[in-house]
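Chemist: What follows is a single structure, and I will ask about it in a moment.
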Amino acid sequence: MKNWLKLHGFKLSVVILFAILAGSFYSWFKQISPALPVVKTAPDFALQDISGKTFQFGDTNGKVRLVEFLFTSCPDICPITMYKMVQLQNELKKTKSMGRQGSFHVRYLRPRA
């Protein structure tokens, strides 16, 4: 047994150290980008764009969609809200929180007089 440890002890130590480091890196990277929890599933609904094309939210294959509705003639809070949404989108991209499973949708509403 002593001869085996003398011959292979260093190699065994390197393998164990490598396994510990690999496990630590895996655990660390997993904490960086946790999966988004499914809080509630939205009902299927459709919206029509300015050209008359219909967008059906049921066709999104279960991906996360963040939808914002803004008025086209909103002079005060809408520009601030849009700025905050851009900041949020940039932060989510930077932290890779949404990945390819999510996207932002902004819908502009024109109130009737």
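Every residue number used here counts from 1 along the chain in the order it is shown.
Heads up, the Cβ atoms here are built off N, Cα and C, so glycines get one too.
Relevant sequence annotations retrieved from TrEMBL are reproduced here:
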{"type": "BINDING", "residues": "Cys74, Cys78", "note": "Cu cation binding site"}
{"type": "DISULFID", "residues": "Cys74-Cys78", "note": "disulfide bond"}
{"type": "TRANSMEM", "residues": "12-29", "note": "transmembrane segment"}
Chemist: Taking the Cβ of Cys78 (Cu cation binding site) as the centre, count every other Cβ atom within 10 Å, in any protein chain shown.
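Modeler: Taking all protein chains shown, Cys78 (Cu cation binding site) has 16 Cβ neighbours within 10 Å.
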Chemist: Look up Cys74 (Cu cation binding site) in the DSSP assignment and report helix, strand or coil.
Modeler: coil
Chemist: Which number gives the other C-beta atoms within 10 angstroms of the C-beta of Cys74 (Cu cation binding site), all protein chains shown included?
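Modeler: I count 15 other Cβ atoms within 10 Å of it.
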